[in-house]
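**Student:** Pasting a structure here, questions to come.
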């Protein structure tokens, strides 16, 4: 009898070609065969379905002239452009957001130095325009418009066209010059002037008569007085003399006084300063192209929406922040649990507790069902969109917080300011170290939150279905519910869209639940019968063995001795 029942069950399993059990609906999430590893607060390697790289490492091979206006200095740096050196005439009236200085820029006029080079360079760059206003200067009994063979323009001796070299008169006179200019305008004026340092005393007297000369330039709040430093120097473009250029800013209502008895390189006017402008300068050999980008580095323009970059510390415009890391991945999907390859003899389905689902194209979260009409999969767009909105929101905020506008991280200093340069680099290195650490921590925190959010949305979906089904179904513990009533595809759809009415199916579900539990109870006796049968069989086998031994002993076939 027992063997017949077992044989019947085996035949039923092998011959079953369609699903005849109770309907089952499962909640699950999207998965892929190979996810992306991200870092969280608690784990260095967490596999997620999708992630976005936040660190940009690629640049365009050119500088983009739009939307920022770029001015190419070509062979002229910005100071030579302001002085009016030969070869820099193309910069007259130039206006820029970023002034492009080239590493191969050269001086083309009389050799000079600027004691406060970096400050003047910064003022000119920030001004964003070479707006030169010519003025009338009444110099007394001196020869103007001095020229030099070191300063050729069209193969003719010339000089800086924004400056006026004053020398003694033909009558061998260089009287005291005392000239005042009042700023009656509504903007600040930048005056650039110089002091000539001859190579010998003879040159000093030949040019200016007075030895030593002196130049004093004053405003209401400042005064600069320079005595020429006469001495021989290495020849540069045939000259051993030098010019030192200085600058003075005259605010509206203030005045400037030039006082000299020789050696003055006088201005021909002033530059109009625009305090509202926020421009800058970039030293790079990268050519200007025809692309569009709001971010420029010395290695090329950057076109990206990533919040970080490890291309260059020097970044100008609306640029990602520079970090040391080569990669920071932000999770944009849930934790990845690859789908199992096999689903068993019945093709059984499982929910999110066991694994994810591959091929859930329409959304991250969804349903799978199994009923008399077959199996199916559908996305749950509401929970998916809720998670996407939260992730996109944090990504946008991250990008918005880290964009830099017209910020140059690394500055340049001349050799005289070496100690300042070392200090500045130390400060910048420290800032970059701190920000790189903060960026890594921020991304890890966001990744942790993303995984928590996506897990939470999955649990919300599961709880929503559980509240709908109530006693009409049983939680199988793997993200699925076994439904105790007939549930066709329309019924399944009502569960998915939240319109399921459990009262309609309540009576049928209760009856089926009791019947199924009764069958399970009856089927439970099979195990008891099997154990009883096994025990009786073992007892009979032992009894037969003992009977055989006793029979053999009586017939003398077996001899038994007991020793004490």
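In case you wondered, yes, glycine gets a Cβ from its N, Cα and C as well.
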**Student:** Of the ranges 507-527, 528-548, which one does Swiss-Prot flag as transmembrane segment?
**Tutor:** 528-548
**Student:** In this predicted model, what is the average pLDDT of the topological domain 'Extracellular' (17-527)?
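**Tutor:** Here the predicted model's pLDDT, averaged over the topological domain 'Extracellular' (17-527), is 85.
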**Student:** Once near-sequence residues are set aside, which residues in the chain of residue 497 (N-linked glycosylation site), 6 or more away, have Cβ atoms under 8 Å from its Cβ?
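**Tutor:** Residues satisfying the criterion: none.
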**Student:** Can you tell me the CA-to-CA distance separating residue 553 (S-palmitoyl cysteine) and residue 34 (N-linked glycosylation site), as a whole number of Å?
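**Tutor:** Residue 34 (N-linked glycosylation site) has its Cα 73 Å from the Cα of residue 553 (S-palmitoyl cysteine).
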**Student:** Between residue 34 (N-linked glycosylation site) and residue 178 (N-linked glycosylation site), find the distance joining the two CA atoms and give it rounded to the nearest Å.
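**Tutor:** Here the two Cα atoms are 81 Å apart.
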**Student:** What residues, ordered by sequence, lie under 8 A Cβ-to-Cβ from residue 310 (N-linked glycosylation site) and sit at least six positions away in the same chain?
**Tutor:** 55, 56, 57, 322, 323, 324, 325, 326
**Student:** Provide the three-state secondary structure of residue 553 (S-palmitoyl cysteine) computed with DSSP.
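**Tutor:** Reduced to three states, the DSSP call for residue 553 (S-palmitoyl cysteine) is helix.
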